[in-house]
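Colleague: The structure's right below; bear with me while I get my questions together.
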């Protein structure tokens with residue numbers, strides 16, 4: 001998607017039924033990673049739920065030659081589909097932005113207007129540079145993020161339970177309730193050191209916490225998930241097993257809810273949530289401060 | 001940062017030297033996770049490298065009451081610092097956005113203008129809804145992302161090397177060259193199944209690839225890192241060890257470069273790159289297609 005420009009068959013524009021109707025292209029373009037342009041662009045396009053777009057991301061457009069290549073791709077998309085592409089760009093260089101703006105597209109220049117408004121308001125001249133959106137790799141904040149990733153990995157799934165002193169949070173929950181992806185997202189995005197510990201059958205047979213967790217009660221946060229969804233996820237993993245059976249999942253759900261209640265562990269039903277949503281809700285509920293400023 | 005509003009001491013505004021001068025606040029506000037507002041806001045603020053901001057993220061402002069609370073925080077920040085805060089919001093509800101806009105701040109309403117421009121251009125009425133920016137958790141794309149995270153974890157650091165059939169890419173490199181965070185980022189953000197394999201002393205003593213990697217030559221991608229940086233990172237991990245010595249790192253560097261050259265393995269120097277940049281460059285260099293649309 002990034003490098004190989006598919007060459008749409010000419011047939012596409014000949015057909016007129018809705019199944020093969022050409023899609024409007026949306027380009028996310030930047031002289032950096034294009035992550036900012038893509039994040040905002042997808043978010044805006046999601047407000048038009050009924051429309052499908054042909055999305056193309058073009059990062060690192062940082063030379064005049066690459067800018068002209070991008071313009072050719074935009075113009076080709078226009079010609080082949082007959083629909084004017086949308087272009088979301090976060091290009092810092094005026095020279096390169098001017099070239100991109102000359103494409104036959106609707107240019108939703110994200111930076112241009114906003115940077116000028118900020119400059120006027122704070123009475124500062126912008127100091128344009130590319131690629132700082134994700135931070136300086138020599139900063140303490142960046143190191144904290146990378147350390148947190150290694151921490152999450154070392155403390156995944158109840159491993160190395162002697163390292164919980166260093167945890168900011170310990171996620172608990174049933175097997176396949178979303179603990180691992182959430183721990184890693186908290187680490188990568190927010191620099192939070194998140195361990196996770198699965199409460200398995202042995203742990204659930206008693207309403208006490210497992211011994212290794214007892215000293216860290218204040219760090220525990222529970223994930224819950226609807227039984228039906230849990231069964232489905234486990235079936236995808238181990239179809240037909242007792243582990244994935246409705247009866248087993250129901251029993252584990254009953255037991256873990258009892259632990260959350262008895263032990264007063266804050267918890268969140270994550271059934272309908274993406275990892276982004278789970279992580280953000282956890283920060284909000286716990287008041288945890290992110291390591292990244 | 002999300003929940004606890006620090007109450008700045010009144011002394012702050014009494015002092016006038018630059019060290020304790022009040023900072024201008026920047027608020028990232030949304031009725032969803034606020035990830036879009038924050039991503040764009042940070043990116044814009046990074047263009048004013050000489051100015052420090054007091055950043056506050058307020059997600060899930062989805063009721064009138066929460067909107068009024070947010071306004072109070074914005075107005076407090078204004079009153080205490082004497083500087084008009086910048087507010088970056090991606091609020092879908094007109095009613096809530098109107099309340100936020102009434103705060104004494106410079107409101108950089110990100111959605112308002114752009115959504116209308118898109119609507120006009122594509123001749124569609126927007127279908128406003130919150131929280132779709134990160135995708136539907138029941139979609140195949142979302143499942144692919146979560147599967148990729150579990151895959152990256154299971155195949156981290158040369159573990160379970162019999163699972164490489166399912167890899168989209170296998171990152172190789174010296175110990176502590178950034179393979180693990182990159183694998184996880186590729187999985188979480190792009191749904192790419194990335195394994196990683198450290199080339200250690202035993203592997204480096206020969207110019208052949210380790211046997212387990214030989215069938216997957218076409219999937220290999222090498223990370224390289226400047227020797228000085230590698231030494232520093234290893235020293236932070238195991239200070240004074242042979243593993244972290246300049247001589248050892250130099251020898252490993254020489255050996256791995258020989259393997260990359262002999263075996264014609266594409267590779268990237270990641271010394272100055274964040275995980276976001278490394279992942280994006282890898283996609284660009286390999287032409288890999290992301291699993292997420």
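Just so you know, glycine gets a Cβ as well, placed from its N, Cα and C.
Keep in mind that what you see is a predicted model, and the values were worked out from it rather than measured.
Not my notes, these are from TrEMBL:
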BINDING   B:173, B:174, B:175, B:176, B:177, B:178, B:179, B:180  ADP binding site
Colleague: Most Cβ neighbours within 10 Å: which of the binding-site residues B:175, B:177, B:180 is it?
Modeller: B:177
Colleague: Taking the Cβ of residue B:174 (ADP binding site) as reference, which residues of that chain separated by at least 6 in sequence fall under 8 Å from it?
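Modeller: Counting only residues 6 or more apart in sequence, the Cβ neighbours of residue B:174 (ADP binding site) under 8 Å are B:198, B:199, B:225, B:230, B:249, B:252, B:253, B:256.
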Colleague: By a 10 A CB contact count over all chains shown, which of the binding-site residues listed here is most packed: B:176, B:179?
Modeller: B:179
Colleague: Return the binding-site residues from the list B:173, B:174, B:179, B:180 for which some CB of chain A is under 8 Å from the residue's own CB; sequence order; 'none' if the set is empty.
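Modeller: Checking chain A against the binding-site residues, the residues within range (Cβ-Cβ under 8 Å) are B:180.
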Colleague: Sort residue B:173 (ADP binding site) into helix, strand or coil using the DSSP assignment.
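Modeller: DSSP call for residue B:173 (ADP binding site): strand.
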Colleague: Look up residue B:180 (ADP binding site) in the DSSP assignment and report helix, strand or coil.
Modeller: helix
Colleague: Long-range neighbours only, meaning 6 or more apart in sequence with Cβ under 8 Å: which ones does residue B:178 (ADP binding site) have?
Modeller: B:223, B:225, B:270, B:275, B:278
Colleague: Taking the Cβ of residue B:173 (ADP binding site) as the centre, count every other Cβ atom within 10 Å, in any protein chain shown.
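Modeller: Result for residue B:173 (ADP binding site): 24 other Cβ atoms within 10 Å.
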Colleague: Around the recorded ADP site, report the further residues of that chain (criterion: Cβ within 8 Å of the mean position of the Cβ atoms of B:173, B:174, B:175, B:176, B:177, B:178, B:179, B:180; site residues excluded), sequence-ordered.
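Modeller: Result: B:196, B:198, B:223, B:225.
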